[in-house]
Each structure stands twice: as structure tokens, then as C-alpha cells.
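Asker: Sending over a structure as C-alpha cells; questions will come in a sec.
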Amino acid sequence: MKDKFIIITGPTASGKSDIAIDIAKKIEGEIISADSQQVYRDMDIGTNKVTNPSYVNHHLLNIVNPNEEFTVDDFKKDAEEIISTLNSRFIMPIITGGTGFYIDSLLFDMNYGEVKKDIYTRMALQKLADVHGNNYLYEKLLEIDPKTANKYHPNELNRIIRALEIYEITGEKPSEKRTGEKVLKSNINPILIFLNYRDRKILYNKINDRVNDMINLGLINEFNFLIDKYKLDENSQSMAAIGYKEIFPYVRGEISLDEMVSLIQRNTRRYAKRQITWMKRYLNYPFAREIIMDDLNKEDATLIIEDLIKGMYEF
């Protein structure tokens, strides 16, 4: 029997988390987070993490410390196990989040993760980073495979090392290794709901307001707490996240508070634009539906999605 699951995705600030909770309540489902930053403990305000689950079970939130590594392969393994377990109990898994690599790992057979890790190659690359800095490896990847490098921040060292490791082992660019190999898995029966905005100004205003709310809720205090508790710095993978990386120049006195807020807003808007570009590709598949949110409130969107799900699945 094919595994069933629902994916509710969209750009940041599209309202997917709240809608996913409402859908889960209506169909008695459980939520699996597909957000690469919400896996980290104590990173709550900056990731807009759900802190009141409203009596809906959530999975893959707060599972690693911010000074630990968590990869797309880790997500895939954990999420697939949860999906299988929930299906066996006749509970609908609802995957929600905006990390494209995570969603792709559940939908497609991809050879990217099948290249085995080589400890000696990784140690050599790590030593280069220790001696010359993270930016040295990033520039190296940029020279070899700019398409892959442009998807990462220079501080995402583990991902950069993994990309360079694949190149060293196979002689192939990671971006080319993926090309033509994204084949839909044969053992799944998914539904994907893509929340989108035709009028980007509406989405961008929501993003700007959210960043202001994050500041008012104590984002800077959360940042200081994380740095102190987990001994993090600017090279930490978790601190490459938008909403945290911009605080470093502020605490060093290099930019003002207003400049920091504007920087977070700008970077988040740019990230949302990249998310939309990524997610539009899903609409090429028959299991995907787009919901235009411009004139919809949460309740209306939930009703539309509920009808779509019932039309595609039997309950």
C-alpha cells in the first residue's frame, strides 16, 4: 500500500502553519515539520515556531541543539519513519514547512544522498575551513558549481562540505548529479497544497510585520541566550538562518537597530521569492494544487483545502 500524506507549503508568512493545524483538527491528522530551522531547540522567535500546538501532535520540532548537525538525509529518514507509523495507525500525516530540499526528499528518488560519506575527504575539507575560514570553501564551491553554491549561505558549512565531498568522490557537480534524476517515488500517494500570493505586496507586508513582531517578542534576547547557552558564533550552521545572522553586525555595533530590522525584512522577502520559484515546480504534478491567498482569510482557505483533500482522498 502506498504511503499517504498531505503537504501544506508556501513561502514564509503565508499562514501555512495555522492552516495545517486547522486541517489536522478537522481530519484528525498529525503534523510533521518540514522546516530546516525549527528542528533546533530554543530557536523559537526567529523561526516563528509553533509554541501552542492547539492539541495537535507535532513531529520534528525541537529535536537537536543549535550546535548540532541535522541534514536533509536525517530529515528524510525521520519523516519517512513517522509517515509510515502514522499510516499504519490510520492517522493522516500533514507535512508543513517551506524547506524545499526537505519536501523534495519525500516526493522524489534522488541520488544526491546516495553518495556515501567519506570521513577522510570530510576531515580534509573541515581542516581547510578551520585554517582558511568558511568563506574559503564557499568560494571553492562557487568556482566548481555556482548553481549549488548560490543555494547556500557561506556559513552553512556542513552543506558546503557535503557538496564538495560529492564532487571529490564522483567528479560530478551536485547540481548536474540532480539533473534528470528527480523521479517521483512509486510508493507514495501525496497531496500537495501550495499557498501563494499573486500580489507580492500583500505577502511582503506580512513579512515586514512579522519581523517587527519578532523584535517586539524579544528576538535579540533569544539570540543572546542561544549564543551563551550553546556557545554559538557566526560560523555555526544554525546561525546562518535569516533572523539570526543579521544580529551579529548589530551586536558588534556595525549597524543600527533599524538597519538590522530592515536587513532581516529584505532577506526574508528575497527568501520568500526563492521559495515561490521552487514551489511552482510542484504544480507540474497532478497531486499538487495552488491556493491563491490574496483575498482569503484563514477560515476560507481551510474550507477550500478541506474540500480539495476530501475530493482527492477518501475519508
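From the backbone N, Cα and C atoms, a Cβ is placed for every residue, glycine too.
Curation does not apply to TrEMBL; its annotations are automatic.
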Asker: Please find, within the list 35-38, 51-54, 115-118, 267-270, the residue stretch that TrEMBL describes as region 'Interaction with substrate tRNA'.
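Answerer: Of the candidate stretches, TrEMBL labels 35-38 as region 'Interaction with substrate tRNA'.
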Asker: Counting Cβ atoms within 10 Å of each candidate's own Cβ, which of the recorded positions K16, R122 comes out highest?
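Answerer: Going through K16, R122 one by one, the largest Cβ count within 10 Å is at K16.
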Asker: Would you mind listing, in sequence order, the residues at least six apart from G10 (ATP binding site) in the same chain with a Cβ closer than 8 Å to its Cβ?
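Answerer: For G10 (ATP binding site), the qualifying residues are K16, G98, F194, L195, N196, Q275, M279, M293.
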Asker: Relative to the mean position of the Cβ atoms of T12, A13, S14, G15, K16, S17, the recorded substrate site, which additional same-chain residues have Cβ within 8 Å?
Answerer: G10, P11, D18, G98, L195
Asker: Report the residues of the chain - excluding G10, P11, T12, A13, S14, G15, K16, S17 - with C-beta within 8 Å of the mean position of the site's C-beta atoms, for the recorded ATP site, in sequence order.
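Answerer: Nearby residues not in the site list: G98, L195.
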Asker: Just counting, how many other CB atoms are there within 10 A of the CB of G15 (ATP binding site)?
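Answerer: Counting Cβ neighbours of G15 (ATP binding site) within 10 Å gives 17.
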